[in-house]
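Engineer: Pasting the feature list from TrEMBL:
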type: COMPBIAS; residues: 18-31; note: compositional bias 'Basic and acidic residues'
type: DOMAIN; residues: 121-406; note: domain 'Amino acid transporter transmembrane'
type: REGION; residues: 1-31; note: region 'Disordered'
type: TRANSMEM; residues: 76-104; note: transmembrane segment
type: TRANSMEM; residues: 165-182; note: transmembrane segment
type: TRANSMEM; residues: 202-224; note: transmembrane segment
type: TRANSMEM; residues: 236-260; note: transmembrane segment
type: TRANSMEM; residues: 282-306; note: transmembrane segment
type: TRANSMEM; residues: 318-342; note: transmembrane segment
type: TRANSMEM; residues: 348-370; note: transmembrane segment
type: TRANSMEM; residues: 391-415; note: transmembrane segment
Amino acid sequence: MVPQKQAEEAIVPGNMNENDRDDHHQAEEEAEDIHPRVSFKSFLWHGGSVYDAWFSCASNQVAQVLLTLPYSFSQLGLLSGVILQVFYGLLGSWTAYLISVLYVEYRTRKEKENVSFKNHVIQLIACASNIYYINDRLDKRTWTYIFGACCATTVFIPSYHNYRIWSFLGLGMTSYTAWYLIASFVHGQVEGVTHSGPTKMVLYFTGATNILYTFGGHAVTVEIMHAMWKPQKFKYIYLLATSYVFTLTIPSAAAVYWAFGDQLLTHSNAFSLLPRTGFRDAAVILMLIHQFITFGFACTPLYFVWEKVLGVHDTKSICLRALARLPVVIPIWFLAIIFPFFGPINSAVGAFLVSFTVYIIPALAHMLTYRKASARQNAAEKPPCFLPSWTGMYVVNIFVVLWVFIVGFGFGGWASMTNFIKQVDTFGLFAKCYQCKPPPAKH
């Protein structure tokens, strides 16, 4: 119980003794008498509860990738698409659980040493790809310039504590878009629709890796936990968030694939095939807003690292921190202009980055951390009730490492790079308008 208590109080500076800690809590209580905890500013801006973490996980997990899942279904076929979504969703929930366990273990060990714990490219491509379907007077590359500048405003959001209202709104926006895509069942199938997938191994593993990427949103798990008042309560939040995400991703991808079939093989953004209506334009706008939120989520860890390199991470000046963060945004902006391949780039990132950072490394780290009997005996978190033995945990972790390395990184890397190179050969670097309809012929 001692490690558990330490973990739950991790938000309190670790270099306080017990008397100081009591004074700290007393000062907080006195402050609450003067300034009630529930104020309008704190309601919108300061989040650290279990509910905030759930909204952050669910909102960050499914964003622009929602629009590429029908494309993946056309590569995989309906059955494989559904099975792989459930499989990688559960796999992602497992490794998110491992990350949360390792984080609590790390904080518990460090607090015993009196250490104080005070306090992205794809999103830009998605913005340009989406807005083009409302206003095609500008090409997608120009829209990337515009939205790169807009996304740079995320440098003014200090930390994950301050995403409370944005996470709530972001999930609502994504939910609306998913429900709109599900309405494809009502719209009906296009004439002559065919469903031939899977047809090629390269397409199959490209689609599978995009789904691996979809459920790899827990790359920011540590940051979300660090923003929680009681981080030990995070353990099953990601699984609960994934359960809700399933209600958005599976029916929406199935509906659009049912309606348009093999046409999706050359239309990685589902918006490109849906009829232009007020409902579709509303979905596009809401997804654009959500991209700003997701961009900030994805870049905040990079912002923190860069601030620490420059020595400004602990400054109270938001403007100074924002200025220091700009060099992080600029290269991401530039990469989005070079490689505007919405859809294929998800698979490449999934194979070469996500497979290691959020699947393989957490599983290996967990096995290495608890390899000694003494570490297992003194662990801050024991094995979960559904898998109560350390042997069982090691078996699952070994499976995760081997599966993701062979299937995700190996076959997925081969397939995604083959497809990615094909996009470069077809459209070139700095493509002005990726997968746009050709202009009408002049007479």
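Residue positions begin at 1 at the first shown residue.
Keep in mind that glycine also has a Cβ here, set from the backbone N, Cα and C atoms.
Quick one: how deep are these features, and who are their neighbours?
Structural biologist: Sequence-distant neighbours of the transmembrane segment (165-182) (same chain, 6+ residues past either end, Cβ-Cβ under 8 Å): 43-45, 47, 52, 55-56, 58-60, 62-63, 66-67, 70, 157, 248-249, 251-253, 255-256, 270, 274, 279-280, 282-283, 286-287, 289-290, 293-294, 296.
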Engineer: Counting Cβ pairs under 8 Å that are 6 or more apart in sequence, does the total for the transmembrane segment (348-370) and the transmembrane segment (391-415) reach three or more?
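Structural biologist: Yes; at least 3 Cβ pairs under 8 Å.
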Engineer: Counting only CB pairs under 8 A, let me know which of 76-104, 202-224, 236-260 has the most with the transmembrane segment (391-415).
Structural biologist: 202-224
Engineer: Can you tell me which parts of the same chain pack against the transmembrane segment (202-224), counting only residues 6+ beyond its ends and a CB-CB cutoff under 8 A?
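Structural biologist: Beyond its ends, the transmembrane segment (202-224) has Cβ neighbours at 53, 56-57, 60-62, 65, 68-69, 71-76, 80-81, 84-85, 88-89, 91-92, 95-96, 99-100, 103, 159-160, 234, 238, 242, 249, 265, 297-298, 300-301, 304, 343-344, 346-347, 349-351, 354-355, 357-359, 404, 407-408, 411-416, 418-419.
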Engineer: Taking a Cβ cut-off under 8 Å, which residues six or more beyond the ends of the transmembrane segment (236-260) line up next to it in the same chain?
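Structural biologist: For the transmembrane segment (236-260), the far contacts come to 50, 53-54, 57-58, 61-62, 66, 69-70, 72-74, 78, 81-82, 85-86, 89-90, 92-93, 96-97, 100, 174-175, 177-179, 181-185, 187-190, 193, 195, 214-215, 218, 221, 267, 270, 273-274.
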